[in-house]
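Enquirer: The structure follows.
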């Protein structure tokens with residue numbers, strides 16, 4: 001087989017469909033978020049405003065977080081020095097797990113190298129180790145959850161997205177004696193809709209199922225202390241496992257689960273994705289602790305963030321720019337064409353100094369291509385007006401459909 005020819009042909013198909021991914025070469029400017037420096041292929045540099053960061057609250061630039069990380073490097077050095085089991089458990093890891101358990105009102109927590117790994121390792125381990133387990137997975141769950149369930153090789157039942165009737169029908173049809181787990185997200189990353197957590201917990205109680213809630217797009221963002229949608233709705237105690245990330249609203253890196261002492265110890269003891277990898281650097285753990293502690297105490301970032309989301313949506317509506325209506329902070333501006341979506345993104349970056357990454361298939365279904373915009377507390381009124389003005393101009397240029405008020 002001509003491997004190079006195969007690779008080239010497969011890549012060419014992405015180019016021809018307008019969905020080949022190109023990384024924007026940018027450098028975040030410390031203390032100047034959401035500004036960044038863009039490096040062109042010819043070596044030229046240009047300032048841009050980032051509108052697609054998952055550093056939702058700008059905590060990656062927060063002075064408390066940065067100082068905590070610097071202090072940890074000065075105190076501990078760069079890396080953890082090993083796996084958690086072999087010399088890699090630094091005291092910062094222990095403190096971080098205590099902080100996370102407290103955030104979600106759980107007995108225990110366990111940190112991983114990323115949110116992807118925490119989902120993959122936890123769901124895969126549960127699927128492998130619990131005899132006869134059936135995992136009921138929402139149809140729009142993240143790839144890390146899908147891959148984890150697949151890795152677990154247990155029975156998997158897909159239920160229609162956020163459809164309680166379909167979930168109950170599938171629970172009712174399953175073996176009543178089989179162990180069950182319902183896996184779902186709180187805020188879904190591409191459409192920005194929110195799961196009916198209470199009603200799912202009611203079904204879990206009725207059919208004797210565990211619950212696994214991915215809160216990666218909600219932790220830090222919702223609830224009086226940033227514990228997510230489950231905290232906001234007073235439901236944390238009803239969930240078996242709450243999973244989250246340190247790399248979005250908390251502005252650092254890593255993933256975690258929280259739950260009972262027994263379930264966290266079970267994953268710690270059996271999950272290969274936890275056991276056989278180097279622990280997070282102590283500096284990242286220190287930064288995460290500072291970020292979590294700040295957001296537990298400060299409502300300012302969350303309130304300001306919601307204000308920015310409302311401002312952006314209002315201006316988009318005024319210009320007839322179609323965006324998906326949802327109750328979260330994620331603002332998907334709908335284009336519906338892969339080539340046009342990429343073209344708009346390119347022109348925004350090259351001509352307007354606005355960086356928004358196009359979202360195309362397979363991340364979203366074909367004909368639902370979009371610009372996934374994520375306002376932050378640090379975007380000004382002028383930033384928002386500049387973004388919407390540029391979109392208005394490009395919408396007319398592409399003859400794209402306008403939203404009707």
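From the backbone N, Cα and C atoms, a Cβ is placed for every residue, glycine too.
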Enquirer: Name the residue, out of 161, 217, 323, that Swiss-Prot lists for the same pyridoxal 5'-phosphate site as 189, 245, 277, 278, please.
Expert: 217
Enquirer: Quick check for the class: what is the C-alpha distance, in angstrom and rounded, between residue 137 (substrate binding site) and residue 189 (pyridoxal 5'-phosphate binding site)?
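Expert: Their Cα atoms are separated by 16 Å.
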Enquirer: How big is the gap, in Å, between the Cα of residue 21 (substrate binding site) and that of residue 248 (active site), rounded to a whole number?
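Expert: Residue 21 (substrate binding site) and residue 248 (active site) have their Cα atoms 21 Å apart.
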Enquirer: Taking Cα atoms as reference points, rank the binding-site residues 189, 217, 277, 278, 363 by distance from residue 248 (active site) and give the first.
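Expert: Considering only the listed binding-site residues, the nearest one is 217.
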Enquirer: Of 21, 217, 248, the recorded positions given in the record, which has the fewest other CB atoms within 10 A of its CB?
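Expert: 21, out of the recorded positions 21, 217, 248, has the fewest neighbouring Cβ atoms within 10 Å.
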Enquirer: Counting Cβ atoms within 10 Å across all protein chains shown, which of the binding-site residues 189, 363 comes out on top?
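Expert: Comparing the binding-site residues 189, 363, the most crowded Cβ belongs to 189.
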